[in-house]
Every structure is written in structure tokens, then in C-alpha cells.
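*Asks:* If you look up Swiss-Prot, you'll see 208-215, 545-552 marked as ATP binding site. Sequence annotations record features per position, and here Swiss-Prot assigns domain 'Clp R' to 3-144. Annotated domain 'UVR' per Swiss-Prot: 417-452, in sequence order. Residues annotated as region 'Repeat 1' in Swiss-Prot: 6-71. If you look up Swiss-Prot, you'll see 80-144 marked as region 'Repeat 2', on the strength of sequence analysis. Among the features that Swiss-Prot reports, region 'I' is placed at 163-410. Taken from Swiss-Prot, the feature region 'II' applies to 471-662.
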Amino acid sequence: MLFGRLTERAQRVLAHAQEEAIRLNHSNIGTEHLLLGLMKEPEGIAAKVLESFNITEDKVIEEVEKLIGHGQDQTGTLHYTPRAKKVIELSMDEARKLHHNFVGTEHILLGLIRENEGVAARVFANLDLNITKARAQVVKALGSPEMSNKNATANKSNNTPTLDGLARDLTVIAKDGTLDPVVGRDKEITRVIEVLSRRTKNNPVLIGEPGVGKTAIAEGLAQAIVNNEVPETLKGKRVMSLDMGTVVAGTKYRGEFEERLKKVMEEIHQAGNVILFIDELHTLVGAGGAEGAIDASNILKPALARGELQCIGATTLDEYRKNIEKDAALERRFQPIQVDEPTVEDTIAILKGLRDRYEAHHRINISDEALEAAAKLSDCYVSDRFLPDKAIDLIDEASSKVRLKSHTTPNNLKEIEQEIEKVKNEKDAAVHAQEFENAANLRDKQTKLEKQYEDAKNEWKTTQGDQSTSLSKEDIGEVIAGWTGIPLTKINETESDRLLNLEQTLHDRVIGQNDAVTSISKAVRRARAGLKDPKRPIGSFIFLGPTGVGKTELARALAESMFGEEDAMIRVDMSEFMEKHAVSRLVGAPPGYVGHDEGGQLTEKVRRKPYSVILFDEIEKAHPDVFNILLQVLDDGHLTDTKGRQVDFRNTVIIMTSNVGAQELQDQRFAGFGGGSEGHDYETIRKTMMKELKNSFRPEFLNRVDDIIVFHKLSKDELKEIVTMMVNKLTQRLSEQDINIVVTDKAKEKIAEEGYDPEYGARPLIRAIQKTVEDNLSELILDGNQIEGKEVVIDHDGDEFKYNINEKNNGISDEGNEVTETEA
């Protein structure tokens, strides 16, 4: 907290506040202790103003002890509560508004008055202090000394009126204490001071990625000037932040912009104590240069070269390269200073420096573990932004979320409010109907409810009081999960059970294939428990096997179990990438080609959904160059698109399916179903497919894959299970049209028999169901049979399929409603 600007009396107030907290055995210094501290300084303006309202020290002590009482024996260091910190911030704000250079007891009192929550506010309410009159009394007691300060400030800057209207004086803002502290940038600030102290071309330009803290360095320089931590050459200088948009705004006629900029330059030259700071320096190039007029950069060049104008610029690497470097004459007038992204450790130090500001704003406590989690998790999971900006935003949003959650009006208050509104409407209706006795009863009921509401509200506020809400590591995880979709919160019991039973969930959709299901499930559990390699994808797999055994279906089932819907899967059909030139569509077209601005089909989807299942279907159909792109994805977990953006694949499950070797198996008569024993068949299939896989793909590609799984052929029993699954899906579809079908076991066996094909796996079952069930049902409907609201029983008598139409839930077949397959 910024206590350097407090008067001696105000500092004594804070010391008294600490003593009062110790006397009352409280573990924190709150607003009530600040109030007691004010009362301990009877000669201060604050105490005198309160005394004029008949508020004495004894009364305040009595109220405080009544409201919160004495605590237990307190140990350790005393800390200010977030609300007390907010009061100090408000008191500084009051001093700035009154143009006072220091914070006194009167400003602390104004801060307490503005902070309308907390124990001090309740003490004022209990002692019937009129807040508006008290504030007016403080301002009156101050008299007019502030006007002299105001005039002094005005006189200091009245020699630069144009500049003052277009720029912000960072040194004045730093003096007011409203700039955030700058942590860990001493090296860069020293380098800026060295360049500014040169005789000519003394213009540093801060170059770095967005969000690394370039503007903060200029603010740090302003704070160093205010604190006299600069060489003699820079003492007394003013750092003015100029926005080129403001300079251009309103210049309707030719020459107005140039005249305005020239006037600013003349004022800076005459004042001799101004350092100009231009954020987004690249906006100089072309600014005000419409219709052949000279732009801002060309107007400033002579003054920049001669050293008449000291300018600090800030811009990103890309903008510097595109706008500044192409103008060699402008580039040589600036000295580049590289501002690198801070490390995670440096970011934690920066967050600790900013903690007080965010605690005071959100009125919560921010723990060290929350700061560390914000730095580490944002570094790990938010790959398209830079530290410390993304970590600061994370702390800010998480603090806001916690604050709002803890201060939401409880349900019982909302219910009483609704009841009051209801009674009020009934009372108005009774008055309108001239039922005055009923209206009087309702009025009494309303009064009773309003009293009940006030009591409940006061009780809720009392429990809230100065109770400190803390920001934890879990809160940070929740917010970053909301940003990215990656689950980072603590695993709860429900999710734990779901992960442990993932195999069973997948088996509900994928029949057989235990090896594949187990391998996938283990990879997902490793990732969710935080044990996976942080630099690689969650898992990468190649699924081999003949067609129709469930390779693609397993990927769909995994997407549904992880995200609740199949559409969450990113599917890339590799048959679309058979030509060499089509490979670029994955990462985006190169510059100069059509579609460069659209991004890649794969990279754009993963950028938007970094936590996903990616299915590369039928990989043997793709051009070999595709697998060169996948090498770095499998090994390093990232891919760079054509715009130079790094796309993070570390939170994806990569599944590749292939039928490689299936043709050779068919030639060997081992594909599909039947043949020798199950074990012998599987080993032959496995050896053949692995051999073909090694012939088709490079070893460096296969070596990067976590697991290569050969799918088993499907047995007849498994086929029957698949038929049951397919029939259930059909039943669900038909139930939406109020048609209920029942397929008997005999019919299912016949469908499985008809759909049995050693070459094509389970896919012929779809055709068999279409032929035996869907086609005949559609003919029944078109033939005039009213089957809506009825039950259709599909059976097989050994020769043909039979369709019995029953009344729903009747259980008795109507003799005249039996239809054979041939009749249908």
C-alpha cells in the first residue's frame, strides 16, 4: 500500500488502528480500527468533524465492541482487510480530487464515508451520522488551501496548453499514486534512462509482444521521476502520454493536423522538461497524411534527429517491422529496446506487487497459491497471449467471480421480496375494490413482511461484515477452464467415478475391442490426473483392422463420453488430402494464394477448441507429406500455421485409423469372420497389418505414436449385440413419430445372419436392418395401415419375417393384422 504520502497525523492514525486491533485481539485491521484510530487523534480535522455530530471516542468504542466484540488471542502479523485497503485507496482519491499533495485524517474520514459497507459504516448508521452533512463539514473545515495547490499545478503546466489538452501527464498520475506499481523491469527502465540521457537521437522505442509490459515501463519511468530515483538530467521532467488518434480527431481541413502537431512540438521545445510517450508508435506512420499531406512521422523526424524532442515509443515486433523498419530515416532516429516476456517466476513477483490493488478493488484476499496458479496455468494453457498480461487478467476475472458469488442476495431474501410485492398488489386491488378492511389486514401483513425483510437483510450483512473472501487455486482453475474448455478444476466424486468407469461407458457403444478401449481410457485418466507429459498430446493412437470393426465408432464414443456430444470431435477425412498441394489446407494456404486469410482446416478448429478428440480417418489414403506435418504435433504438441501462430495440441487425443493390409488379408482369406481359431486369426491379422504399416509409413512417424492397436474381428455373439444396439436406435427414432416396434430375438438372429459378411465387418448389418425392418415398415405405412400409436412386433418364423400390429400395451395380437414380408 502507498503510505508515503500520508501526513504525520494520518500515519499516527494507522498506528493507533493497529494498536486497537491488538487491544481487541483481532487478527486483521478493518475499517472499524481505522475509525478508532481517527478518534485517537482529537486534534485532527476528522475527529473534530465527528465531534460536531456528537460522535465521541467512547461512543465509537462502545459500538465497535457491541458489533464485533473481542477476538481470541491473536498471533502473527496484522494485515489490512480488503475493505480497509479500499478505504485507503478512496482517501488517496479524495486527496487527488481536492488537489492535495498529501493524505490527512480528513481524507481517511472521507474514504470511510464513501465505503458504505463494513463495520465503520454500520457504526455511523447506529450513531445516526448524516453522511452528506459530514462530507460537507469536512470540505468546509478544509477551507481553501487546496486552491493554492490547484493554481500551482495549473501554473506549472500552463506553458503547454495544447499538449495538456491532447496528452495525459503520467508524472502527475504517478504523484497521485494511482498508477500500478512496476515490478521486475529495473533493467529496461535503466536502459530507457541511458538512451534519454544521450545528446542526440535520444529516443528509445520499446519493442515486444502484446501484453509483456511496454506501457508499464513508461509508467515506471514516471514513478522513478516522482520518487527522485533518476539522474540529475531527468529530474523535474514530465512524462506526457500522447495518443495520435486524439491529435488527428476533429481536423477537418487540410493543414489543421500539421498546425496542431507543430504547436505541440513548439510547446515541448519551449518547456524543455517534457518527455513524450507515444504508445502504438506505428500510428505515426501515415497519421494525418491523407490526400498527399505530410504525415506525422515526417513532421517529427527533424526534431527527433536534433534531440529537440525526447520521445519514448512502444510498439509490437510485427508493427515495428511493417511500419518503422520500412522507413529507414525514421528507424535510425529511434534506439530499439527489446522487452522480453517475463518468466513465470518474474510474473509471480509482478502479481504479488499488484495484489494490494486487486484486493482493494474486489474486496477479497488473494492467496499466494492463487497468484502462482495464475502464472503457471496461464503460461501452460493460454498459448496465444503473453505473460504477465494474461496472468493479470486471470486474477482480475477470478477475483470478480469470487466477489460476485459471495455477495449474491440469498434466496430467502428474494422470496420475502416476492411475497411483499404480491401482498402489495393484493392490497392495491382491495383498495380499488373498496374492501378497506381486507386492505388494512394486507397493509399490516406488508408491514410485518417488510420488517422481516429488514431483519433478514441486516442479519445477512452482519454475517458478511468484514468477513474476508479468499481467492484460491481452484477459482483460478475454474476461470481458465471457462476460457479454454480444458478441465483444470479439482476432480469431484462424480467425475472420478466417470473416469474410472470410462471403459464401461465406451463398451456401451463399441462392442469388443478391449485393447483399444483400455488404452484410450488410461491415456484420458493420466491426463485428467495431471500425470501426462506436459509437452505432448494426451495420447496418439493408430487403429488398424479390417473395415467395419469399430475404429471410427470408438473415436466418436470417446468424444461423446468426454464432451457429451459426437460433434465435439474434430474429424479430418484423409481421403481429401490425396494430392500434394492439398496438404497446405491443414495449416492454411501460403501467402499470395487464395484462402490465406482463412487459416487451416485443422489449426483453426484446434485453436478454437484446444481440448478435443482429433480423428484422422483412413490415413493410408493421404499424401505422404501429411505425415511430415504431423511429426511435430506428435512429438512437441504444437503446430505453426501459415500466419506464424503456434497452435497448441497438448490437450488433444489424436486418433488415426487405417485399413492398411486389409487387401492382403483378404487375399490370404483371413479377413472378416471365421477361419481358424480366434487366437490364430488375430495373430495372423496383427502380423500382416503391422508389416504393411511399416512398409507404408516412415519409422520416425510410427516411433512417435503412443500405441498402435490392431482391432479384433467381430464374433457372431458380438454381431447380435450390435444388432440390438442398432434396433434400439431405430426404436428411438420411430418413437418420435409415435410408432413402437418390438424386434424378437429370432428376428435379431436372422438379421445378424443376413448381415454377416466376412469381408465387410459390421457395416452390412445397417443394410440388413434397412432391408428387413425399415423398407417393410415404410411399405406398411404407405399401404394405408394406421400404425401410429400402435405396436409393431417383428418376428421370424424360420421362413420369413412377420409383422404383427397390436394396440399399444395390449399384448394381444389382432388376427387380421398379421403381415408377412412378402405381403408387405
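For all residues, glycine too, the Cβ spot is worked out from N, Cα and C.
Walk me through where these features lie, including what they touch and how far apart they are.
*Replies:* There are 17 other Cβ atoms within 10 Å of the Cβ belonging to Thr547 (ATP binding site). Taken residue by residue with DSSP, Thr547 (ATP binding site) is part of neither helix nor strand, so it is coil.
In the predicted model, the domain 'Clp R' (3-144) shows an average pLDDT of 81.
Across the domain 'UVR' (417-452), DSSP classifies residues as 33 helix, 0 strand, 3 coil.
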*Asks:* For each of the binding-site residues (Gly208, Pro210, Gly545), count the other CB atoms lying within 10 A of its CB, then report the residue with the highest count.
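*Replies:* When each Cβ's neighbours within 10 Å are tallied, Gly545 leads.
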*Asks:* Here are the binding-site residues: Lys214, Lys551. Which has the lowest count of other Cβ atoms within 10 Å?
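*Replies:* With the binding-site residues Lys214, Lys551, fewest surrounding Cβ atoms within 10 Å: Lys214.
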*Asks:* List the same-chain residues at least 6 positions away in sequence whose Cβ sits under 8 Å from the Cβ of Val212 (ATP binding site), in sequence order, or say none.
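*Replies:* Val212 (ATP binding site) has long-range Cβ partners Val339, Asp340, Glu341, Pro342, Phe386, Leu387, Pro388, Asp389.
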